[in-house]
Amino acid sequence: MRLAVDIDGTLTRGDGSGALDPSVFEPLRAVETVVVCTGKVLPNANALCTYVGIEPNAVAETGGVTYADGDVRFHVPDEDLEGFVEEYAPDGDLGWEGTDLVNRWRETEVAVSLDRSKDEVKRVAERHGLEVLDTGYAYHVKSPDVDKGQGLVAVADRLGFDPSEFVAIGDSENDVGTFDRAGVSYAVANADETAREAAEFVTEASYSRGFIEAVERERDRG
Ligand SMILES: O=C(O)COP(=O)(O)O
Ligand SMILES: [Mg+2]
């Protein structure tokens, strides 16, 4: 089985802590190929893969950064990210407390805290040709030409697979791109409406238990 799997809301426990559920580690280790497809930055995806003990194939920054076969690539937006930050947050404050570790290693998009007004983030983003995705964890301000689906295509190609060989599992509107490109798609039960509508299947269980349910169901389907 080849998996294109989201992190937040999909591999986490759903107890409000944001913590990974260690019971996903064995299922991740047991499948043939895993591509972690996340809105988080590459160092997050890389750390997850390293500590789970799987090869670090990743689509990070909602598709802006991909990593496969020891090779990092950037899908750099033509749009004006710097212009967005200059206008929206001239002091660089994107709503994160303390040192902004959310954006520190982010190279192709900007993540704004959910504490901020979504309408205002959208208004300013649109003026710079950018779009906003709400993952339930952050507002991702990004190029409309970049998404996790195009990232999965890029990684699959480098690994020598077709994207349709992948089972995509996710929880939010930033997973619709992978759902569209993968052969089969699952939204976990806690997923937002956009993801639930886009997915072929919705699991009965939520969060990490939904992920495990999807993997078991795919294994049963052979
Ligand atoms: O951090 C986020 O905003 C979302 O991350 P995810 O794509 O892994 O769910
Ligand atoms: Mg998610």
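Glycine is no exception: its Cβ is also placed from the backbone N, Cα and C atoms.
For Asp6, the entry in TrEMBL reads active site, nucleophile. If you look up TrEMBL, you'll see Asp6, Asp8, Asp171, Asp175 marked as Mg(2+) binding site. Taken from TrEMBL, the feature substrate binding site covers Lys148.
Asp171 (Mg(2+) binding site) sits 7 Å from the residue listed as 'active site, nucleophile', taking the Cα positions as reference. For the recorded positions given as Asp6, Asp8, the lowest number of other CB atoms within 10 Å of the residue's CB is seen at Asp8.
Comparing local CB density within 10 A for the binding-site residues Asp171, Asp175, the maximum falls on Asp175. Within 8 Å of the centroid of the Cβ atoms of Asp6, Asp8, Asp171, Asp175, where the record puts Mg(2+), the same chain has further Cβ atoms from Ile7, Gly9, Thr10, Thr38, Gly39, Thr135, Ile169, Gly170, Ser172, Asn174, Val188, Ala191, Ala195. Rounded to a whole number, the C-alpha distance linking the residue listed as 'active site, nucleophile' with Asp175 (Mg(2+) binding site) is 7 angstrom. Between the CA atoms of Lys148 (substrate binding site) and Asp8 (Mg(2+) binding site) there is a gap of 14 Å, rounded to the nearest whole number. Lys148 (substrate binding site) carries a helical DSSP state (H, G or I). Every protein chain considered, the tally of other Cβ atoms within 10 Å of the Cβ of Lys148 (substrate binding site) stands at 31.
Under the three-state DSSP scheme, Asp6 (active site, nucleophile) falls in the coil class.
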